[in-house]
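Student: Here it is, the structure, as structure tokens.
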Amino acid sequence: MSARHFLSLMDCTPEELVSLIRRGTELKSLRNRGVLFEPLKNRVLGMIFEKASTRTRLSFEAGMIQLGGQAIFLSPRDTQLGRGEPIADAARVMSRMLDAVMIRTFAHSNLVEFAAHSRVPVINGLSDDLHPCQLLADMQTYLEHRGSITGKTVAWIGDGNNMCNSYIEAAQQFDFQLRVACPEGYEPNPEFLARAGDRVKVLRDPREAVAGAHLVTTDVWASMGQEDEIAERHKLFKPYKVDRALLDAAVADVLFLHCLPAHRGEEISEDLLDDPRAVAWDQAENRLHAQKALLEFLVEPAYHHA
Ligand code: CP
Ligand code: NVA
């Protein structure tokens, strides 16, 4: 199939990614100035959610409406996918009716299989392996607050999970160094690490990872689907809580990001999101703008000028 998909940051060139996040900032400014911009009139996005979501659902749904189109929320409970219709069949049918499909699922292979049989762009709204849309928002947020991330140092603290894997890909695509501090046994996927080579360093000590870093970020200790590991993880991850004192080890103008939802008192201290170095609310808002840029790029590329 010839459609362009966004299953990973590696589906775009570094130039396209920078252009997407710049465009996100432009679309944000249009919206703030009250300018109507509806390049996706009559276009429909299908959104398949096999896991819970607040930000991803809202940002895609609101984004499509703001661009003049519409979005349809599909839960497996209410579609034949939940009753065993093969993914390939669902992809063939859905992609004849929709202009793009966003999927939040467990196995990343579900996304790959859907995309292989889809006539229209497929977007990864989070899988067990990756969360590339969140990285668009994160990179847009860094750019808006601090300028280019090229050559900077980023510290990932905690679980080597889907977000961490996407940071590993971002390090390659946006050209920064990444230090991952995680407990033994919770390292990121070795295939992602191998592809990143010496751009990524895995450490045990969070202070070592944060020392001199320009961006610090973390995520929940147990991701969706790992609910029965929570007690064990909480014991092991305690030394990986990010607090103000840890951020003090970074550069003075460090930025702290959290993809949210946050568990205050677990991966971050109670007060961290109130610290002036934390910009998680801007980051969450940028999901909307960055994904509008992505939708425009995939569905109506003629309008994408950034
Ligand atoms: N950060 C993020 O993807 O949030 P949701 O799970 O609420 O979509
Ligand atoms: N790692 C988290 C991210 C949620 C946005 C999860 O997969 O649940």
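Each Cβ is built from the backbone N, Cα and C atoms, and glycine gets one as well.
As annotated in TrEMBL:
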- S53, T54, R55, T56, Q80, R104, H131, P132, C133, Q134, C259, L260, R287: carbamoyl phosphate binding site (BINDING)
- N162, D219, S223, M224: L-ornithine binding site (BINDING)
- 4-143: domain 'Aspartate/ornithine carbamoyltransferase carbamoyl-P binding' (DOMAIN)
- 151-297: domain 'Aspartate/ornithine carbamoyltransferase Asp/Orn-binding' (DOMAIN)
Student: Just to verify a number: CA distance, S53 (carbamoyl phosphate binding site) to M224 (L-ornithine binding site), in angstrom, no decimals.
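Tutor: Roughly 10 Å, rounded to the nearest whole number.
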Student: What are the DSSP helix, strand and coil residue counts for the domain 'Aspartate/ornithine carbamoyltransferase carbamoyl-P binding' (4-143)?
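Tutor: Its residues divide into 73 helix, 20 strand, 47 coil.
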Student: Taking the Cβ of Q80 (carbamoyl phosphate binding site) as centre, how many other Cβ atoms lie within 10 Å?
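Tutor: Other Cβ atoms found within 10 Å: 12.
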Student: Between R55, H131, R287, which of the binding-site residues has the fewest other CB atoms within 10 angstroms in the structure shown?
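Tutor: Across R55, H131, R287, these binding-site residues, the one with fewest Cβ atoms within 10 Å is R55.
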Student: Anything from the binding-site residues S53, R55, Q80, C133, R287 with its Cβ under 6 A from ligand 2? List those in sequence order.
Tutor: none
Student: If you average the pLDDT over the domain 'Aspartate/ornithine carbamoyltransferase Asp/Orn-binding' (151-297), what number do you get?
Tutor: 98
Student: Can you tell me which of C133, N162, D219, S223, M224, our binding-site residues, come within under 6 Å of ligand 1 at the Cβ?
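Tutor: Close enough to ligand 1 is none of the binding-site residues.
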Student: Quick one: pull the CA-CA distance for S223 (L-ornithine binding site) versus C259 (carbamoyl phosphate binding site), whole Å only.
Tutor: 12
Student: Show me the subset of N162, D219, M224 whose Cα is within 10 Å of H131 (carbamoyl phosphate binding site); these are the binding-site residues I mean.
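Tutor: Matched binding-site residues: N162, sequence order.
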